[in-house]
Amino acid sequence: MAHNKSNDIPLDAPETPGADPAGHGDDNGKPLDHVASRSSISTDEKSAGVRRVEALASVLTTRDRIFIFFGVFLVAFAYGLDGVLRYTYQPKATASFDQHSLLATVNVLRAVIAAAAQPTSAKIADLFGRAELVALSVLFYVVGTIVETTSTNVSTFAAGAIIYQIGYTMIMLLVEVIAADITSTRARLIFSYIPAMPFLITTWVSGNVSDAVLSVTDWHWGIGMWCIIYPVCAMPLIISLALVGRRARREGVMEKYGDSVKRAPWGEFLIDLFWRLDVIGIILLIAVFALILVPMTVAGGFESSWTAAHILAPLIVGVCTIPVFVFWQLRAPHPLVPFYLIRDRAVWGALGIALLLNWAWYMQGDYLFTVLTVGFDFDTMTATRVSSFYSFFSVVSGCILGFIVYRVRRLKVFIVAGTCLFLVAFGLLIRYRGDADTANRAGVIGAQVVLGLAGGMFPYPAQASLQAALKHEHLAVMTGLYLATYNLGSAFGGAVSGAIWTQVLPNDLDQRLTPFNNATLAPLAYANPFVFIDEYPIGTPQRQAVIESYKHAQRLLTITGICLCVPLIAFAAVLRNPKLNDEQTLAQDAPAVSMAPVHTEGLQQEKTGEKEVAV
């Protein structure tokens, strides 16, 4: 590791060869005394943002925590409902440009940008603070939404989606990091689900909202209204964090934070920031995955173009960039991917789960809304609700599991069970792929319910398991890396599903619709299926032919998904199984700051007038 270029914002201590970066010991959480751990990191060795969070935590009261988590819930409700609705509007937007097949391309671009933005956002949060990143997320969120809603072609829409995704990614990371900052390891799973709890409501109201919006306007305003709603909903969280920060300054616990930022001249600061954010690594990461994955989603269609220069060139450049990215990450002073923290199976096992979870999910989920409306003949409201069942039931099972974990203090058994149930759900999806009869409709709904129940048993627990193994100064960066891997899974899933869809569906549609002697049928069903189903309702032979084509494509997608579930289970099996406690982390050399309820007595209790209850 290179030495710090400025003494104003100190670096972490160098890694000790052979260290146990997790610092949690063996499978049962017992210390690995024979393994050298990283040297104890003093206050001066922590970044400004981490020191600031610890300063804020030292003055937090129960009332503060209530207000902060209320702010988290409110902003999560806003971006959660917007996300569900935008998932519904996005197919209609691409179809309105007669480019429905590019839906996967837009999703892949969003996922790649999100993967790069997660660890970058974590570094920004560590350098500047949590509240500042929330405010920055609002800026990107609003600007991206404006670009999307005013777009007149798929390129502008994709550009807006990318900018919006940066803001969305920032806030998604921040709410999870804030929850981890102020909770104990045993209670963390419960509070990690607070940002997800709005899905208990949005699942049922999103269909009504989308129906109401589309009945009076189109997707443009359906997306555009969030330029106003989201900033308003983000204000309580920003204000609550700012008020706690002001109190910490009054009590003098923020002085070191202020000095660390003010001492550096602007020139030095910007240069130091360039290296700390690993801008070169960000560019290389985006280049690798965008150049490889995006061509996979656009090479198919009625005229396959895999041998065309505009497809082959980015693929070749992307593959050649991989070793450059790895080499840079091994040499960078502040790498985007801290390899020394990934050596432990508690870490790489969780990252493997994050990658394969979304990769598998997107195999059935990328075109789910379209399949539900075309293949199962659900109306927009019902299709929106069924598309949201995964989110709803994962939150239900996850919240219940959070209280169970609080009692039993173990995570691994539930993670393994959840991955196995995930595989069962894909088996059901292979069976129920289309047709508008009652049995098939009930089958796909049941499959989404099982998928959701499984989804509550291992993604968040795997994240909590990862966080429990890390020291506080690594928490944000590694949570960002976990979510980045999660988004890479989305990118892989979107790329593979898009490749299968664009390679398989056009030819199958052409074969099945040729007997009707109408050359426009197959292109219409492929480019704008929502217009097609209005012209050819259930019961017409043309619609049934399209349903059979959808079933064929969906069969290949879901079989790919169930195959990915096998290594998913394997990654769950290699995780450690430490016993959770009332501390913020299980890492051996972490500061002994208890997150258990603090009972004050005598003069101290009379002086404060308020008992501090940590969660």
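In case you wondered, yes, glycine gets a Cβ from its N, Cα and C as well.
These features come from TrEMBL:
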- 23-36: compositional bias 'Basic and acidic residues' (COMPBIAS)
- 1-43: region 'Disordered' (REGION)
- 66-85: transmembrane segment (TRANSMEM)
- 133-151: transmembrane segment (TRANSMEM)
- 157-178: transmembrane segment (TRANSMEM)
- 190-207: transmembrane segment (TRANSMEM)
- 219-244: transmembrane segment (TRANSMEM)
- 279-302: transmembrane segment (TRANSMEM)
- 308-330: transmembrane segment (TRANSMEM)
- 342-362: transmembrane segment (TRANSMEM)
- 388-406: transmembrane segment (TRANSMEM)
- 442-460: transmembrane segment (TRANSMEM)
- 481-501: transmembrane segment (TRANSMEM)
- 556-575: transmembrane segment (TRANSMEM)
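Contact between the transmembrane segment (190-207) and the transmembrane segment (388-406) is present: at least three CB pairs lie under 8 Å, with pairs separated by 6 or more positions in sequence. Stretch with the largest number of CB pairs closer than 8 A to the transmembrane segment (556-575), among 66-85, 219-244, 342-362, 388-406: 342-362.
Long-range contacts of the transmembrane segment (66-85) within the same chain, counting only residues at least 6 positions beyond its ends with a Cβ under 8 Å from a Cβ of the stretch, are 134, 141, 168, 171-172, 175, 178-179, 182, 191, 194-199, 201-203, 205-206, 209-210, 213, 222-223, 226, 229-230, 233-234, 236-241, 244, 384, 387-388, 391. Note: the stretches the transmembrane segment (157-178) and the transmembrane segment (481-501) are in contact (3+ CB pairs below 8 A, sequence gap of 6 or more). Where the transmembrane segment (342-362) meets the stretches 133-151, 219-244, 481-501, the count of C-beta pairs under 8 angstroms peaks at 481-501. Remote same-chain residues near the transmembrane segment (219-244) are listed as 56, 59-60, 64, 67-68, 70-72, 74-75, 77-79, 82, 85-86, 89, 92-93, 96, 130-131, 134-135, 137-138, 141-142, 145-146, 148-150, 171, 210, 213 (criterion: CB distance under 8 Å, separation of at least six residues from the stretch ends).
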